[in-house]
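Just below is one structure, and these are the notes that go with it.
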């Protein structure tokens with residue numbers, strides 16, 4: 001099913017998408033999108049793309065050419081427009097010696113859909129613009145509550161759900177970033193030990209661009225009973241991207257990745273999941289299916305997928321894990 005059909009119920013053909021005046025998005029096939037690259041140079045090598053991609057993600061240099069160079073050009077236009085508005089506002093307010101705050105890009109989407117690959121590719125491409133901007137990447141993993149807290153609150157089976165994150169810490173971090181503060185600390189997370197690393201931080205020092213990646217970064221919040229207005233994480237974004245795919249495809253990618261990890265990371269004795277390395281394939285498959293059905297699928301349906309229409313750009317992947325359709329919000 002197409003993005004447009006799922007979001008607003010319009011017919012499936014691409015030609016019809018683009019004629020629908022009530023759609024909030026422009027829709028493009030990957031071939032159409034690739035043409036917007038114009039003269040944007042390819043600044044990555046094949047070996048670099050292989051290094052940047054996550055396990056099971058087949059992205060290659062051709063995919064970078066087809067999708068990411070046009071996206072890099074689009075983001076360059078948004079950053080440039082933001083800079084122009086900043087300068088005009090300073091003139092309006094008669095301000096001088098004011099430093100522009102970082103342009104923040106949010107990237108959301110399900111587990112196993114390829115958010116991390118997209119974030120890393122964009123970080124490299126954006127950092128190689130002629131203007132040589134300073135680009136930082138932070139994920140929400142470090143803002144999860146420590147396992148000890150999740151266990152105490154009986155939330156280990158809800159890890160990755162909105163309530164498993166220290167949302168206050170996320171908001172304080174992004175507030176500091178947008179205030180232009182130097183040396184802002186982002187907590188670190190280890191996928192090996194499956195936990196936040198105490199007293200370990202990434203220092204974010206006034207980048208030109210910050211990429212903030214996580215499954216629930218577009219999540220909205222209910223208004224508190226007392227009526228006090230609470231900001232949402234996405235309030236701090238200048239541009240947002242949602243990585244999309246059919247539910248069945250994400251399921252397949254998740255299970256395949258889990259089985260591959262048994263042959264790699266899970267074999268490390270320090271791995272939280274080391275116990276899964278020595279069980280049979282049948283047992284491992286059953287565990288992977290259970291984790292998908294009872295945790296990740298529920299999170300996708302209840303919390304992640306409903307945020308998709310809030311994105312400025314939706315990248316829809318096909319069965320081969322490559323992007324086949326792009327939806328860009330109209331201005």
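Yeah, the Cβs are placed from backbone N, Cα and C, and that goes for glycine too.
Swiss-Prot lists 109, 110, 111, 112, 113, 114, 115, 116 with the feature ATP binding site, giving sequence analysis as the kind of evidence.
According to DSSP, residue 109 (ATP binding site) sits within a strand segment. Note: residue 111 (ATP binding site) has non-local neighbours 160, 215, 250, 254, 296, 299, 300, i.e. same-chain residues 6+ apart with C-beta under 8 A of its own C-beta. In the three-state DSSP scheme, residue 115 (ATP binding site) is classed as helix. Neighbour counts were taken at the CB atom with a 10 A radius for the binding-site residues 109, 114; the maximum falls on 109. For the recorded ATP site, residues 109, 110, 111, 112, 113, 114, 115, 116 set the reference point as the centre of their Cβ atoms, and the other residues of that chain within 8 Å of it by Cβ are 215, 243, 250. Neighbour counts were taken at the CB atom with a 10 A radius for the binding-site residues 110, 116; the maximum falls on 110.
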